[in-house]
């Protein structure tokens, strides 16, 4: 048995899709366990760039099983669209399995997400408006519709009718927005269910059987630890648990079966949406990193906020996710910057702290305490191992590993999977 979890150590967009794709080569099963199509993965495979939002990155390997776990919320329309996108590019999806326990995103979730964000105005969270939060709200309120319900027309119609009474009242009375008729949703979404029916199984059985048979299973997290609803910068977070602990809940695999946790990080920090960001850059260096690193959201196209590497954030991620291996991406983006900075602690009310505060008011007052390191000018995009890196680049990586307390296992010097280098295997016993 060999199981590896891939999590983002920052606010998402760390390059998890690329690393998951890279690690998928040696995995036999690849599973997602939380989130929905609010996550964006850009993957290069055989010279072609693909953008996925819902389906696991391992779909390009025909012999590997790809799982959409029970902890996810699935937009059936988006799923059918993504399947068609892959089929048009001659990518087989026969290796996909979808949990019958996953919850379903319906049009009223999308509408509620949109109108609630508009209502908040200046206090908005920065949601992707994909209906993720409202779907998880229904799940917690025990009125959600699951994939198993979607496949049974009678059950689907009954639950949909009951939910529409409440949702329409909410939309019309509170938001002064138009509600939905049952016929607007029922036939269309039941048909989506029929189109994906062949993929639907109890994925907990699939995953546990694979592990019991000694197969390599890779769990793919979406977003990042700092967007975790419990451990992140609440309320500027997602509605699920991207931390490694989310695997056991969102996949139906027990905690004793998780072996290694890979924390994926950029060599700097980015963030999409609102909320405090202690190391954020508002200068030419920030603009340079954004443009060189093409820091624009895969899902939204929004420019990402950019800042220096924050070891306080990544240490927090290591602790709450039990990270055993560090994968450091986008090192090449920093080439040409004369002096690099790493945040080693925060200054709060005149005192130094190395812990990440729970209070956003406190976080907003935190000033980063920086350690400066000399940069490098050499082209590193063709580097294949640590010894080939310029001395300053190697020292930068070593310092990040020291400050975060996570051994470096993978480093990446460009967007292509061939620019990903292994220092030590994450599939070790």
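In case you wondered, yes, glycine gets a Cβ from its N, Cα and C as well.
Under the heading GTP binding site, Swiss-Prot lists 12-18, 40-42, 304, 330-332, 412-414. The annotation Mg(2+) binding site is assigned in Swiss-Prot to 13, 40. As annotated by Swiss-Prot, IMP binding site applies to 13, 14, 15, 16, 38, 39, 40, 41, 128, 142, 223, 238, 302. Swiss-Prot lists 13 with the feature active site, proton acceptor, giving sequence analysis as the kind of evidence. The active site, proton donor annotation in Swiss-Prot covers 41. Here Swiss-Prot flags 298, 299, 300, 301, 302, 303, 304 as substrate binding site.
A map of Swiss-Prot features onto the structure.
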residue	record	CB count, 10 Å
13	Mg(2+) binding site	27
15	GTP binding site	22
18	GTP binding site	25
41	active site, proton donor	23
42	GTP binding site	17
223	IMP binding site	28
301	substrate binding site	8
303	substrate binding site	14
304	substrate binding site	21
331	GTP binding site	25
Practice item. Filter the binding-site residues 38, 128, 304 down to those whose C-alpha lies within 10 angstroms of the C-alpha of residue 13 (Mg(2+) binding site); answer none if the list is empty. Key: 304
**Study point:** Spatial separation of the residue listed as 'active site, proton donor' from residue 331 (GTP binding site) - C-alpha basis, Å
**Key:** 19
Point to revise | Diameter of the IMP binding set by C-alpha atoms, the set being 13, 14, 15, 16, 38, 39, 40, 41, 128, 142, 223, 238, 302, in angstrom | key: 34
Revision key, fill the gap. binding-site residues considered: 40, 128, 300, 302; fewest surrounding Cβ atoms within 10 Å belongs to 302
Point to revise | Those binding-site residues, out of 18, 302, 304, 413, that come within 10 angstroms of residue 40 (Mg(2+) binding site) at the Cα | key: none
**Study point:** residue 303 (substrate binding site) in three-state DSSP notation
**Key:** strand
**Study point:** residue 42 (GTP binding site) - helix vs strand vs coil (DSSP)
**Key:** strand
Check your understanding: If you measure residue 413 (GTP binding site) to residue 302 (IMP binding site) at Cα, how many Å is it?
Key -> 24
Study note, to complete from the structure: Spacing of the two Cα atoms, residue 304 (substrate binding site) and residue 42 (GTP binding site), in whole angstrom, works out to 15
Point to revise | Rounded inter-Cα distance in Å - residue 12 (GTP binding site), residue 223 (IMP binding site) | key: 4
**Study point:** Candidate nearest residue 300 (substrate binding site) in space, where candidates are the recorded positions 18, 38, 41, 223 and distance is Cα-Cα
**Key:** 38
